[in-house]
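Listed in Swiss-Prot for this protein:
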DOMAIN    10-233  domain 'ABC transporter'
BINDING   46, 47, 48, 49, 50, 51, 52, 53  ATP binding site
């Protein structure tokens, strides 16, 4: 089936996810029907345990639906092999988490370039892209600094630079401001939106931060694994 300009980036049809629990199966997501368009900025909100992070993991090919269909453009993500999922993540997805997971013994630019080098990219190319990404997040003056000398907000910005290094089509962020103070979190949240607009990448954010959610173009609210509400400002 050919992709057309109107094809959604993501299409979920009756998507559910369950895990084996003690003595019974634990249902986390219950039959989600949803589309996400290329270039959107989307917040996923809801109480703890509502399925937000599970949904993000499905969108990032970190997990597979138990039932239903999940398509990226016209590709069935549920039918991907583990190798295909890994290639898909490397090519299409950038991940940002609450904790930056930067390696303290390396410089900022080394941390940002490292995964590309491990994947086989020549050092010069990887470092060039890393410097460009760090410039995008306002860290051009901190390139050679050890990450231990960076503030919390700067470390999260370095993690964002790492996520956008290869210009993925989608940026998935799980509580990206959850470990930051209010002012720093606002700076990081607005930076994510700036990158969404400037680079044209789809931004999907799981957050408990109401102010951050309200900045997004659309807010999806999950309750007990179901899509309870969709809201556009």
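Cβ coordinates come from backbone N, Cα and C, glycine included.
Keep in mind the model is a prediction, meaning the values are calculated, not measured.
Of the listed binding-site residues, namely 46, 51, the sparsest Cβ surroundings within 10 Å are found at 46. Per-residue pLDDT, averaged along the domain 'ABC transporter' (10-233), amounts to 92 for this model. In sequence order, 222 are the residues of the same chain, not among 46, 47, 48, 49, 50, 51, 52, 53, whose CB sits within 8 A of the CB centroid for the ATP site. According to its DSSP assignment, residue 53 (ATP binding site) is helical. Of all the Cβ atoms in the protein chains shown, 12 others lie within 10 Å of the Cβ of residue 47 (ATP binding site).
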